[in-house]
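Lifted from Swiss-Prot, the feature list:
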{"type": "REGION", "residues": "1-60", "note": "region 'Disordered'"}
{"type": "COMPBIAS", "residues": "34-44", "note": "compositional bias 'Low complexity'"}
{"type": "DOMAIN", "residues": "66-387", "note": "domain 'SAM-dependent MTase PRMT-type'"}
{"type": "BINDING", "residues": "His79, Arg88, Gly112, Glu134, Glu163", "note": "S-adenosyl-L-methionine binding site"}
{"type": "ACT_SITE", "residues": "Glu178", "note": "active site"}
{"type": "ACT_SITE", "residues": "Glu187", "note": "active site"}
Amino acid sequence: MDQRKGSGSDANGGLAEATASRLRFEDPDEVMEENPAAAAATVGAEEEGGEGGGGEEVIGSDKTSADYYFDSYSHFGIHEEMLKDVVRTKSYQNVITQNSFLFKDKIVLDVGAGTGILSLFCAKAGAKHVYAIECSQMADMAKEIVKTNGYSNVITVIKGKVEEIELPVPKVDVIISEWMGYFLLFENMLNTVLYARDKWLADGGVVLPDKASLHLTAIEDAEYKEDKIEFWNNVYGFDMRCIKKQAMMEPLVDTVDANQIVTNCQLLKTMDISKMTPGDASFTVPFKLVAERNDYIHALVAYFNVSFTKCHKMMGFSTGPRSKATHWKQTVLYLEDVLTICEGETITGSMTVTPNKKNPRDIDIKLCYALSGHRCQVSRTQHYKMR
């Protein structure tokens, strides 16, 4: 996985219409609101647009991939980036504060609590007690933050892996977590939320967020593909094309300009966090992208939306290129071919997503695509590895 040099993670960017499930994604101070029943009815027809489990790869003699994962969340910088992501943090804050009926006098479990910001929001909304689980060294800071802000009697920070700790209570009423990674599923924290759900969530309990969806579109990106991929053809007069193949397999995480979008935005996969199983995070789905103008296509771009459907009114946010930028940005999958496409022509194919066998926090992606157009005919399969 790569990132553009100099690309920022701030949430500056124009608001625009997001096109998932016909939901209205708003400015983070308002958050998305819509009729949940109506939105659910459109999902099937739509074509628009930190802790881990077992099986960790051993790295070196005494550290697993999980150890490195948790170590990364011990650094302040990553938490600063997430807290400064206004779309992310304000959306969660608004969901909690504007729907206090979900939290008032309830037992809440915060999975992957980090600095404890979501736990603090829940406590302020009237939660009876919040159990904040955090495996990294940030748990020590979270305890101090909770104490400093006067919530030690409401929030209990527990340091450890969700799969290894025991709660002082048999069941909780609410599980809240910000588990999403790049490409929605990178880092595989979702399985930890599902483990907590199955072990501790009471009958009639709520998981927040409870819906997530993955989307795909196609873009023109000649300039950066030239800089990132074609660069290896001639490096100061030397042929380094052996690296080019590896560079093609590494998805790029970056903010895509909405003007680069050439096709519609296609819903790939919808996940119901309250009902799904860990196996549902591995899937093969078809797609059909229709060109909205004559142009070249250099890459496909994936992004995700999340929804909180148990609120008074449905709320959520999008990480799409037509929405305000987030620290998740978008995931760019460069194509070996440059596709010359005319308005109305279609790229058809399928995407297979699976956790890596050696390290389930990583993702393997298989992309099959075909275009049979007036100016371009191509059919190809490519493999990508998010590491």
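In case you wondered, yes, glycine gets a Cβ from its N, Cα and C as well.
Feature annotations (Swiss-Prot) mapped to structure.
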residue	record	CB count, 10 Å
His79	S-adenosyl-L-methionine binding site	18
Arg88	S-adenosyl-L-methionine binding site	22
Gly112	S-adenosyl-L-methionine binding site	25
Glu134	S-adenosyl-L-methionine binding site	30
Glu163	S-adenosyl-L-methionine binding site	15
Glu178	active site	23
Glu187	active site	22
Please report the distance from the Cα of Glu163 (S-adenosyl-L-methionine binding site) to the Cα of Glu187 (active site), rounded to the nearest angstrom.
16
According to DSSP, collapsed to three classes, what secondary structure does Glu134 (S-adenosyl-L-methionine binding site) have?
strand
What is the separation, in Å, between the Cα atoms of Glu187 (active site) and His79 (S-adenosyl-L-methionine binding site)?
16
Look up Gly112 (S-adenosyl-L-methionine binding site) in the DSSP assignment and report helix, strand or coil.
coil
According to DSSP, does His79 (S-adenosyl-L-methionine binding site) fall in a helix, a strand, or coil?
helix
Do me a favour and check the Cα-Cα span between Glu178 (active site) and Gly112 (S-adenosyl-L-methionine binding site); whole Å is fine.
7
Find the longest CA to CA distance in the recorded S-adenosyl-L-methionine-binding set His79, Arg88, Gly112, Glu134, Glu163; express it in Å as a whole number.
26
